[in-house]
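**Student:** Dumping what Swiss-Prot says about this protein:
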ACT_SITE  Ser258  active site, acyl-ester intermediate
ACT_SITE  Glu380  active site, charge relay system
BINDING   Ser258  substrate binding site
CARBOHYD  Asn37  N-linked glycosylation site
CARBOHYD  Asn75  N-linked glycosylation site
CARBOHYD  Asn311  N-linked glycosylation site
CARBOHYD  Asn388  N-linked glycosylation site
CARBOHYD  Asn491  N-linked glycosylation site
SIGNAL    1-16  signal peptide
Amino acid sequence: MLFTASLLLLLPWASAAPANLPIVDLGYQRHQAISFNSTGQYYSFTNIRYAEPPLGSRRFAPPVAPHGRSKNIVNGTGLGYKCPQALACWFNVQNKFTSAAAAGTPFDFNAAYEEVYTKDACTEPAKQDPLQSEDCLFLDVYVPQDVWQKGPQAAHQKGGAPVLVYLQDGAYVGGSKSDQNPAGLIARSREEGSSGMIYVGINYRLGVFGWLSGRKFTSSGGKPNAGLLDQRLALEWIQRHIHLFGGDPSRVTVMGVSAGGGSIIMQMTAYGRGISPPFAQVITQSPAWEPGTKTPAIEDDLFDTFLASLNVTSLDQARRLPSHALTDANYRLVASRPYGAGVLGPAIDGDFIPDSPKRLLLQGKANPGVRVLTSYTAAEGFGIAPANITDEASFQRYVGLMLAGTDASVRTHAATVLYPAVFDGSMPYRTQHDRASLLWADLAASCNTRYLHAAVRTPGYAIEYSVPPALHLSDTPSVFYNGPVADPTVNGTIAELLQRQIVRFVKTGNPNGEPDPEVPVYDGRDLLDLGDDGVLVRPDSTDNARCEYWQKVHF
């Protein structure tokens, strides 16, 4: 069986390396695989540079493709594996809340808050992670040996291996290309005599480095949505170079969860012109961003706070500071944000994002030929809506936070019509916290899958993941399942089914195959539910007036 050596599969670099690992000539450099995984039968090409270091004058600016020619052979060692990381402290409180809920034990919000913010001194940056660097615009390519041995395909020639590109989650402030181990997916792709698929993981700038925005920032020479521009350059790199690894540039699928899934939607609507994107298919899992949390004043305040924390008065001065100063300032800014608030992320900029991506999809400003597989979880918002929402006043404050960028009539409509204070079972909630959870799920994640399907003309497929606790991101361990030894808490039956569906979609554009339950072609009404109690077709919970309303709101 493919999963009998689960412990080795857990390490993508577990190596019984041949004496001469393969080398690929990218034009600007020659890059050698760092290892060969003898269990999974694939090569790992890690830390391939796809952009010049975003340092100095290139900070807060669009990425620049590599230029020149290096005479040396590189293998990716000694480089920054991840971009500077940060996490809002309130997420640590939420993790304690969801753990208590899962265990069925009481939760003391005030005690948890005190522990995180005071005892743990969460807002102060910890010692720098040696794998973290501003010079982080790299990608990893994992190539099955059978694919590599067939030789590189001629540029743009069809017939190469399918390619799965993964954009990580992390609320636009954390995460890296190395967070997930693709060994299980690669093994699944090699079943039934197939040569398998190529897997690519991408780093993109996070936090202040990738997502500052607003009038002051832009007028100072900053470029909003630099993180999206990084992703775009990496996807274009794949179109130009993946044939050198044996991949087919016309068979690229981009997959992402949460921030990664939200980014995919913005890549679909890039520039608002319906242009052909640098991929053929997408898999979006809980595609998330918070469209209503930004206002011009909030954007300017974030920028001012960032400069003040650096003790500078201009972006040019910030660009000249040492990296550790910027990294620490980024951490403090993100860590100290108000409870429940998304901090940094995509913003309407009149360029890459000319309008709300929700409305751009409604207006048909995405390429309709892209094939789509979507999913969301059954309890998306439970672990994200603040744990201290227990009464009408706290719910109203949350509405104000989530919809700060809208006018008062939208906030009133949300609180009285879409999510009224009715707890008799006639609404999909019975508590104030569940009411807030549904607001977040609809506004930030679940409904986005519906909008994406409606914007394309190709047959699409939709899944709901309801394996308990079915929280936001709880399907990720199933996607990257590596067998019962490596992942003993994962429902292996559901995980292997989900992996087969993903791999089939990557290969053929259709997730179905014998003997698995069929995922119906999405019609706006039904989808396939994956749960501990079975797999069945059921009504899509996004088929409601709430989702219809949020797509049309001006954020």
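Backbone N, Cα and C atoms are what each Cβ position is placed from, and that goes for glycine too.
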**Student:** Going by Cα-Cα distance, which of the recorded positions (Asn37, Asn311, Glu380, Asn388, Asn491) sits nearest to Ser258 (active site, acyl-ester intermediate)?
**Tutor:** Glu380
**Student:** What is the separation, in Å, between the Cα atoms of the residue listed as 'active site, charge relay system' and Asn388 (N-linked glycosylation site)?
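**Tutor:** That separation, Cα to Cα, works out to 17 Å.
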**Student:** For Asn491 (N-linked glycosylation site), identify the closest of the glycosylation sites Asn37, Asn75, Asn388, judging by Cα separation.
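**Tutor:** The smallest Cα gap between Asn491 (N-linked glycosylation site) and any of the glycosylation sites is with Asn37.
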**Student:** Between Asn311 (N-linked glycosylation site) and Asn388 (N-linked glycosylation site), what C-alpha distance do you get in Å?
**Tutor:** 35
**Student:** So which one is it: of the glycosylation sites Asn75, Asn311, Asn388, Asn491, which has the fewest other Cβ atoms within 10 Å?
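**Tutor:** Checked Asn75, Asn311, Asn388, Asn491; of these glycosylation sites, fewest Cβ neighbours within 10 Å: Asn311.
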**Student:** Cα of Asn37 (N-linked glycosylation site) to Cα of Asn75 (N-linked glycosylation site): how many Å, rounded?
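**Tutor:** A Cα-Cα distance of 15 Å.
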**Student:** Under a three-state reading of DSSP, tell me whether Asn37 (N-linked glycosylation site) is helix, strand or coil.
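**Tutor:** DSSP assigns Asn37 (N-linked glycosylation site) to strand.
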